[in-house]
Amino acid sequence: MSLLHHLVTLPSRPITRDAYLPQLQNLLRSGIPATYTLEQLAAYEKGDEEGPGDEDTNTTPLHIMARSLPEAGQLSEAESEVVLEIMDTLFQYGAGWNFLDYEQKHAGDLLLEKGYGPGDALYERLVEAGVAAELLLRKVNGGEIEFLDGSDTEMGDKGGSARDVPASADSAPADSAGHSSSEPTAVDADATAAHQDTYLQTELEYIPGALVTKHNRDGVMMDWETDIMRVAAASIVKNREPAECQVLNIGFGMGIIDGFLQEQRPTRHYICEAHPDVLARMRREGWYERPDVVILEGRWQDTLSRLLDDGTVFFDGIYYDTFSEHYTDMLELYDLVVGLIKPCGIFSFFNGLGADRQVCYDVYRRIVELDMATYGMTCEYTTIDLRQLPTWDNVRRSYFNCDHYYHPEISFQ
């Protein structure tokens with residue numbers, strides 16, 4: 001073990017500034033990277049000049065320190081302050097906040113295991129580093145967002161969890177109605193969730209308790225979301241006008257939230273849906289015949305732009321829940337929402353951003369707050385404890401791995 005790696009095991013107690021900070025700073029100033037991993041050290045000691053590959057794990061000093069901490073509550077206040085300074089120093093010298101170690105664990109996972117969760121200064125410092133890194137990455141990429149591990153943040157895959165998707169995936173050509181001339185092949189297994197054009201050409205199947213892509217079994221929507229949708233439906237209309245209430249849901253899926261919105265008795269209930277299989281289901285279930293329902297067929301990027309240009313329809317509540325879209329799409333949606341929402345209206349969405357890991361979920365919670373503030377809007381969250389964690393039977397990949405849900409409620413300040 002190198003001197004740097006040994007130092008961050010916090011071998012002596014109490015943890016004091018004099019015992020750790022000068023030596024840490026000297027090591028980093030000497031040129032040892034703050035991202036120097038145990039895997040790199042092992043490769044060096046074996047004489048492997050190439051070192052570990054990009055696909056290998058990255059057990060950084062931050063991981064080692066997180067593993068070495070005592071259980072939450074066992075650090076004195078003074079020791080906690082020193083540990084924060086150690087974290088600050090590592091970040092100042094370029095430590096990455098989101099590497100995965102030899103157990104495929106994030107530093108945030110290790111802090112949570114020790115009991116340092118939301119509200120604790122050490123955990124919040126890691127979240128702050130994640131927010132800063134992601135916003136900087138967005139600037140470097142010229143506005144394009146690459147979330148967490150380099151994959152796009154997906155609203156598709158329902159939850160927006162970071163996924164390893166191909167850099168590109170060709171989809172079959174579509175006719176003028178948007179239908180595919182052929183089904184995506186097995187090579188396109190992740191393209192369905194990564195690219196909306198591919199998704200819209202992919203056959204869907206309604207099975208008990210879920211809507212999935214027929215061949216790949218990607219979860220588009222599942223009935224474990226019912227309690228979330230019940231809360232969301234009541235939330236977005238709580239500031240409704242007494243005489244007239246207009247609501248918009250973007251993405252019908254299984255129609256869970258639309259059923260709850262109908263119980264709120266809106267004057268007009270707009271539903272934007274682009275997938276032909278879902279539209280066919282809506283027609284069979286009689287949604288087209290409901291006098292208070294307006295179906296907007298097509299991508300929201302097209303239909304909502306026309307509504308905005310028309311300038312006659314404004315909403316008390318807007319909800320967004322689509323498949324195979326990314327956070328970059330949400331940023332585009334925000335531009336439309338501010339023009340379509342009433343002054344006292346409420347916007348919300350299915351919040352699975354980063355929900356494959358608790359720390360990533362908390363990072364994106366902050367990022368949404370910051371992004372909405374640029375529009376003069378506030379984002380407040382209600383925490384919903386999930387009574388029963390989702391099961392993923394008959395679904396290829398989970399899209400939500402946290403034991404609670406942050407329901408966003410966004411409105412003008």
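Numbering starts at 1 and runs along the chain as it is shown here.
Using N, Cα and C of the backbone, Cβ positions are placed for all residues, glycine too.
Take the S-adenosyl-L-methionine site that Swiss-Prot assigns to Y199, F252, G253, M254, G255, I256, I257, E273, A274, H275, W300, Q301, D321: the candidate from M222, M229, M372 listed for it is M229. Counting only residues at least six positions away in the same chain, the Cβ atoms of G251, F252, L279, M282, I295, L296, E297 sit under 8 Å from the Cβ of E273 (S-adenosyl-L-methionine binding site). Of all the binding-site residues listed (M254, I256), I256 sits in the most crowded Cβ setting, with the most other Cβ atoms within 10 Å.
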